[in-house]
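Asker: Sharing a structure here in structure tokens format.
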Amino acid sequence: MGDFGNVLTAMITPFKADGSVDYGVAAELAVHLANNGTDTLVMCGTTGESPTLSWDEEYQLFVEVLQSVAGKAKVIAGCGSNSTKEAIAATQKASKIGVHGSLQVVPYYNKPPQAGLEAHFQAIAQACPDLPLLLYNVPGRTGQNLQPETVARLAEVSNIVGIKESTGSIDQASEIRRLTPKEFHIYSGDDYMTLPLLAIGAKGVVSVASHLVGNQLQQMIQAFSAGKIEVARDIHLQLFPLFKALFLTSNPIPVKKALKLQGWEVGSTRPPLCEADLEVSQKLEGVLKELSLI
């Protein structure tokens with residue numbers, strides 16, 4: 001259950017000039033990504049600006065993207081919430097649409113203890129037993145770290161199939177890998193950590209950079225899997241400046257700027273996010289030119 005491949009793109013949400021969701025551009029971008037290294041599209045997560053999307057907008061995005069990439073890529077729906085009841089309702093509705101899985105973020109702001117976090121994910125899994133769930137641990141945004149021991153207990157649930165691990169900690173990822181069966185997939189939640197996490201048994205990455213270099217990320221992962229460590233390392237080091245540039249300010253501000261520099265009409269970010277300032281824009285443009293991406 002729930003093989004999502006190696007490169008999962010945390011896809012941006014395009015907006016029109018009036019701030020409404022541009023479903024047409026979303027569908028076009030999804031096809032482009034599916035044709036350029038992306039195995040699975042992760043919709044309406046952090047990079048997709050889920051905090052400023054309504055549930056109705058999210059469901060419509062799921063529908064449009066599912067139709068556009070049918071047979072080319074899988075779709076994971078971001079349905080997480082800091083309300084267990086709300087997360088269950090959203091996940092059940094997304095499941096009926098036909099998504100291939102759901103991303104479930106650690107509940108934010110209310111900071112449940114580990115027992116509460118475990119019960120939260122257990123409840124969602126039990127309410128949607130046929131839908132693969134991917135845990136999402138990003139304590140820098142949620143204020144709470146999902147401990148490896150908690151992850152290990154959740155990994156025993158048949159439809160909790162993996163984790164997007166975004167602590168940036170080799171220690172944490174190593175302990176998760178040590179405590180969970182190899183069938184439980186660890187995905188790096190940070191592009192710069194992908195190669196290091198592959199070394200301790202990760203499956204791949206939920207990537208922002210794959211909007212721009214999806215094929216190269218596939219090549220890096222496949223090279224590592226084939227034992228061509230130097231090739232994988234060289235790709236990692238070549239792309240490392242891009243990995244850092246895409247987080248010069250709050251994600252997804254830089255990646256949207258990069259896509260616009262490539263000619264994609266993805267619009268701005270919704271407030272309270274804002275446009276990239278001149279310094280960020282110039283640094284990002286320099287990296288993109290250095291890598292011949294614009």
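Cβ atoms are placed via backbone N, Cα and C, with glycine included.
According to Swiss-Prot, the protein has these features:
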SITE      THR46  site 'Part of a proton relay during catalysis'
BINDING   THR47, VAL206  pyruvate binding site
SITE      TYR109  site 'Part of a proton relay during catalysis'
ACT_SITE  TYR136  active site, proton donor/acceptor
ACT_SITE  LYS164  active site, schiff-base intermediate with substrate
Asker: For LYS164 (active site, schiff-base intermediate with substrate) and TYR109 (site 'Part of a proton relay during catalysis'), what Cα-Cα distance in Å is obtained after rounding to a whole number?
Answerer: 19
Asker: Do any residues at least six apart in sequence from TYR109 (site 'Part of a proton relay during catalysis'), in the same chain, have a Cβ closer than 8 Å to its Cβ, and if so which, in order?
Answerer: ASN82, THR142, GLY143
Asker: For the recorded positions LYS164, VAL206, which Cβ has the most other Cβ atoms within 10 Å, all shown protein chains included?
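Answerer: For the recorded positions LYS164, VAL206, the Cβ with the most other Cβ atoms within 10 Å is VAL206.
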Asker: Roughly how many Å lie between the Cα atoms of VAL206 (pyruvate binding site) and the residue listed as 'active site, proton donor/acceptor', rounded to a whole value?
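Answerer: Pair distance, Cα basis, whole Å: 10 Å.
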Asker: So if I draw a 10 Å sphere around the Cβ of TYR136 (active site, proton donor/acceptor), how many other Cβ atoms end up inside it?
Answerer: 26
Asker: As a test of the contact definition, list every same-chain residue at least 6 positions from THR47 (pyruvate binding site) whose Cβ is closer than 8 Å to its Cβ.
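Answerer: Sequence-distant Cβ neighbours: ALA10, MET11, ILE12, VAL208, ASN251, PRO252, VAL255.
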Asker: For THR46 (site 'Part of a proton relay during catalysis') and TYR136 (active site, proton donor/acceptor), what Cα-Cα distance in Å is obtained after rounding to a whole number?
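Answerer: Distance between the two Cα atoms comes out at 10 Å.
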Asker: Around the C-beta of THR46 (site 'Part of a proton relay during catalysis'), how many further C-beta atoms are within 10 angstroms, looking at every protein chain?
Answerer: 24
